[in-house]
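This report refers to the structure that appears directly beneath it.
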Amino acid sequence: MWGACLLLLGLSLQVCPSVIPVEEENPAFWNRKAAEALDAAKKLKPIQTSAKNLVILMGDGMGVSTVTATRILKGQQQGHLGPETQLAMDRFPHMALSKTYNTDKQIPDSAGTGTAFLCGVKTNMKVIGLSAAARFNQCNTTWGNEVVSVMHRAKKAGKSVGVVTTTSVQHASPAGTYAHTVNRGWYSDAQMPASALQDGCKDISTQLISNMDIDVILGGGRKFMFPKGTPDQEYPTDTKQAGTRLDGRNLVQEWLAKHQGARYVWNRSELIQASLNRSVTHLMGLFEPNDMKYEIHRDPAQDPSLAEMTEVAVRMLSRNPKGFYLFVEGGRIDHGHHETVAYRALTEAVMFDSAVDKADKLTSEQDTMILVTADHSHVFSFGGYTQRGASIFGLAPFKAEDGKSFTSILYGNGPGYKLHNGARADVTEEESSNPTYQQQAAVPLSSETHSGEDVAIFARGPQAHLVHGVQEQNYIAHVMAFAACLEPYTDCGLASPAGQSSAVSPGYMSTLLCLLAGKMLMLMAAAEP
């Protein structure tokens with residue numbers, strides 16, 4: 001029992017000895033680990049060539065506390081104690097902190113932050129792809145204030161480009177790669193005021209297919225691409241999932257007509273088939289009417305995981321000998337936090353790290369720069385002096401001043417603020433372990449808010465050593481542009497990667513065989529009576 005192995009006196013804590021691995025009781029264990037890390041650090045040398053390929057993976061709302069909690073959860077899922085586990089992003093040798101504020105807000109949103117790290121310019125809250133001279137919801141402040149994304153510059157340089165997300169592809173973060181809008185909510189013309197349409201502003205879905213030639217588009221957001229009332233392919237009887245467009249345009253058909261080798265898919269099976277067909281040069285996969293399902297609710301036979309979408313994108317984009325730019329978003333980490341349902345947020349973050357692992361293993365650090373970061377953090381914390389190895393979703397080992405139990409994970413505000421008979425609920429282990437449990441919050445809000453602390457940047461590959469110290473968030477875009485010698489750094493003076501080989505690493509064939517095996521199993525299952 002906790003009373004037998006936990007002594008809480010002020011800030012002192014004694015952990016039950018049975019929890020501590022025996023080898024960790026010996027100072028030599030820690031000295032050896034530190035010496036190994038020191039040796040690796042001394043051997044670390046910057047890769048001073050240019051980057052043929054650029055990959056940025058962004059965990060929406062993945063603040064440092066979320067990264068740490070994800071590390072613990074991943075370890076516990078693997079049967080370990082948790083904190084000692086290494087995430088894929090932890091393997092990257094270079095890192096920095098990013099200051100996330102918007103030009104007008106101390107606590108930022110995904111539109112302003114996305115514009116910063118994707119375009120290289122900070123801007124106002126709720127504004128995408130425009131400078132801070134633009135004003136939210138004022139259409140006439142759009143023109144002349146556009147800023148250009150690194151992805152757009154990569155395309156101009158002849159590289160292939162792609163966008164992958166677990167949200168809708170019109171969401172503020174992916175939209176930062178291609179759109180210019182004074183309102184992040186203008187997914188289709190149905191969300192826009194008549195005055196904005198009359199003034200010539202375009203909805204984000206229209207900009208997705210018209211602003212630039214994107215080779216791979218994978219995520220959710222189907223209903224914003226089709227005329228109002230068009231039945232959804234997956235949910236034909238659910239009118240809430242039907243098309244929303246008032247202009248009668250079928251943007252998917254318009255996009256297909258632009259490219260001879262274009263393919264549109266809406267489920268995992270079609271995605272795998274299309275990705276293996278080398279005649280497919282452009283791929284759009286929209287797997288849900290709006291955001292994709294949480295990982296814990298995903299039907300693996302119907303919808304691809306973020307890791308699978310990342311693999312498909314890398315494989316297709318790698319066909320271009322001039323290289324590629326890829327943006328990957330683990331977007332529903334943010335949504336889980338807004339709901340104060342930590343189980344959803346952290347399981348999404350574990351899947352996001354799997355996508356990082358895919359990108360890392362499918363590419364070479366000699367020619368591919370990979371950056372992993374977040375747009376902002378959340379008022380998410382975990383504490384309470386829990387025992388090492390205790391569930392990240394579990395209770396603190398002592399009672400609060402009101403005599404009731406509390407979870408290690410708590411939120412500063414949000415819908416988790418609930419009173420029962422005028423008092424805080426006494427939560428149980430069974431309740432806190434439920435995947436739908438809302439952690440308690442200090443202040444009642446319908447949706448938990450972002451927070452303002454710095455977020456981490458992890459980097460590997462050519463010029464990754466430039467990711468260092470504490471930087472403004474827009475620095476990220478400039479590092480990536482410089483590494484690939486893109487505008488405005490075309491005279492970067494960097495040598496090309498040795499050999500200019502394909503980005504896909506030797507381990508790629510094994511993952512391809514796994515995809516093929518999965519497809520065969522699906523076909524066999526479908527053939528059974």
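Keep in mind that glycine also has a Cβ here, set from the backbone N, Cα and C atoms.
Annotated in Swiss-Prot:
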type: BINDING; residues: Asp60, Ser173, Glu329; note: Mg(2+) binding site
type: ACT_SITE; residues: Ser110; note: active site, phosphoserine intermediate
type: DISULFID; residues: Cys139-Cys201; note: disulfide bond
type: CARBOHYD; residues: Asn140; note: N-linked glycosylation site
type: BINDING; residues: Glu234, Phe287, Glu288, Asp303; note: Ca(2+) binding site
type: CARBOHYD; residues: Asn267; note: N-linked glycosylation site
type: CARBOHYD; residues: Asn277; note: N-linked glycosylation site
type: DISULFID; residues: Cys485-Cys492; note: disulfide bond
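The Mg(2+) site, placed at the center of the C-beta atoms of Asp60, Ser173, Glu329, has further neighbours from the same chain whose C-beta lies within 8 angstroms: Met58, Gly59, Ser110, Gly114, Thr165, Thr167, His171, Ala172, Pro174, Gly330, Gly331, Asp334, Asp375. Neighbour counts were taken as the number of other C-beta atoms within 10 angstroms of each residue's C-beta; across the recorded positions Ser110, Ser173, Asn267, Asn277, the minimum falls on Asn277. Excluding the listed site residues Glu234, Phe287, Glu288, Asp303, the same chain places Gly220, Arg222, Trp266, Asn267, Leu286, Pro289, Met292, Lys293, Gln302 with Cβ atoms within 8 Å of the centre of the Ca(2+) site Cβ atoms. Ranked by CA distance from Asp303 (Ca(2+) binding site), the recorded positions Ser173, Glu329, Cys492 have Glu329 at the top as the closest.
Considering only the recorded positions Cys201, Glu329, Cys485, the residue whose Cα is spatially closest to the Cα of Glu234 (Ca(2+) binding site) is Glu329. In this structure, Cys201 (disulfide bond) belongs to neither helix nor strand by DSSP; it is coil. Taken residue by residue with DSSP, Glu329 (Mg(2+) binding site) is part of a strand. When the neighbouring Cβ atoms lying within 10 Å are counted for each of the disulfide-bonded residues (Cys139, Cys485, Cys492), the highest count belongs to Cys139. Considering only the recorded positions Cys139, Cys201, Asn267, Glu288, Cys485, Cys492, no residue lies within 10 A of Asp60 (Mg(2+) binding site) on a C-alpha to C-alpha basis. Closest to Glu329 (Mg(2+) binding site) by Cα-Cα distance, out of the recorded positions Ser110, Asn140, Cys201, Asn277, Cys485, is Ser110. Here Cys485 (disulfide bond) is positioned 31 angstrom away from Asn277 (N-linked glycosylation site), judged by their C-alpha atoms. Around Cys201 (disulfide bond), the same-chain residues at least 6 positions away in sequence with a Cβ under 8 Å from its Cβ are Cys139, Thr142, Thr181, Val182, Trp186, Met192. Taking the Cα of Phe287 (Ca(2+) binding site) as the reference point, the closest of the recorded positions Asn140, Ser173, Cys485, Cys492 is Ser173. Put simply, Ser173 (Mg(2+) binding site) is 24 Å from Cys485 (disulfide bond) when counted between their Cα atoms. Within 10 Å of Asn267 (N-linked glycosylation site), as judged by C-alpha distances, the recorded positions found are Glu288; the full candidate list was Asn140, Ser173, Glu288, Cys492.
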